[in-house]
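Enquirer: My questions will all concern the structure given below.
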Amino acid sequence: MAKYTDITNSAIATIVAEIITLPICTFKTNYQNNSTLSMQQCLKNIYMKNGISGFYKASVPAIMSQTYSTSSKYFLFRFFENKNYPYTNKMINGIISGIMTSLITHPIDNIKIHLQMNDSFMCKLRENGFGLFYRGYSKSFGKTVISSSMFFPLYETLNEYFEKPVVSSMLTAIISTTIMQPLDFLKTRHIYGLSLYNGLNLQHYYRGLSLNLMRIVPHFVITMTTIDFLNKKTLQY
């Protein structure tokens with residue numbers, strides 16, 4: 001019964017978080033892929049093209065990808081933790097669950113990013129072939145290894161100490177997002193077919209960090225606090 005609860009509760013929590021934070025994700029994607037635009041110009045550009053709906057242009061693939069990704073990672077992480085396999089720990093369990101999930105979610109992320117950029121994925125697919133589905137996966141793999149080894153394991157560690165899901169999830173998201181930001185930047189640009197090298201100034205690779213934090217911190221806080229709330233409710237029945 002517990003395994004079904006892990007999947008269901010994490011899926012519900014992720015859908016809620018994704019719907020709330022999707023506009024910021026669209027904003028971030030456009031900002032990282034338009035290096036000549038300021039945040040204000042980028043925001044105006046999205047709105048002028050499609051109005052408010054432009055920020056929700058990739059709703060279906062975004063919700064599908066994030067829901068499957070988070071619920072699968074959470075379920076697998078819990079599964080490996082409960083099995084208590086030898087020679088494993090929280091970080092290894094997180095990495096394994098993240099890599100297994102990313103093989104399916106990366107193609108959906110590709111579709112999402114093209115939609116967020118107001119571009120036709122099908123036209124790009126005809127030009128580039130089916131390899132387009134996994135373009136940028138090397139960056140996605142690196143991002144997955146880092147994020148999966150940190151988010152759930154770090155959250156569990158912090159929550160054992162603070163015993164406050166809001167504080168634990170907030171600190172986890174800030175630390176993890178800041179560390180993996182350069183890979184997120186490279187992944188977003190690689191998927192869209194843009195140049196990766198932006199000079200030796202590390203600041204270029206942290207473009208969009210504030211937007212990423214604005215998206216991921218509330219997303220992870222909403223997800224983990226909702227899971228915690230639903231888990232407690234489930235135990236009452």
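Backbone N, Cα and C define each Cβ position, glycine as well.
Feature list, courtesy of Swiss-Prot:
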type	residues	note
REPEAT	1-83	repeat 'Solcar 1'
TRANSMEM	11-27	transmembrane segment
TRANSMEM	60-76	transmembrane segment
REPEAT	85-161	repeat 'Solcar 2'
TRANSMEM	91-108	transmembrane segment
TRANSMEM	140-160	transmembrane segment
REPEAT	164-233	repeat 'Solcar 3'
TRANSMEM	166-183	transmembrane segment
MOTIF	191-196	motif 'Substrate recognition'
TRANSMEM	205-226	transmembrane segment
Enquirer: Any chance you could find the range in 11-27, 140-160, 166-183, 205-226 with the most Cβ pairs under 8 Å to the transmembrane segment (60-76)?
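Expert: The stretch with the most contacts is 11-27.
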Enquirer: Do any residues of this chain, six or more beyond the ends of the transmembrane segment (140-160), have a C-beta under 8 angstroms from a C-beta of it, and if so which?
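Expert: Counting only partners 6 or more residues beyond its ends, the transmembrane segment (140-160) has Cβ contacts under 8 Å with 73-74, 77, 89-95, 97-99, 101-102, 106, 109, 167-169, 171-173, 175-176, 179-180, 183-184, 187, 220, 224.
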Enquirer: Average the per-residue pLDDT over the repeat 'Solcar 1' (1-83) and send me the rounded value.
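Expert: Looking only at the repeat 'Solcar 1' (1-83), pLDDT averages out to 89.
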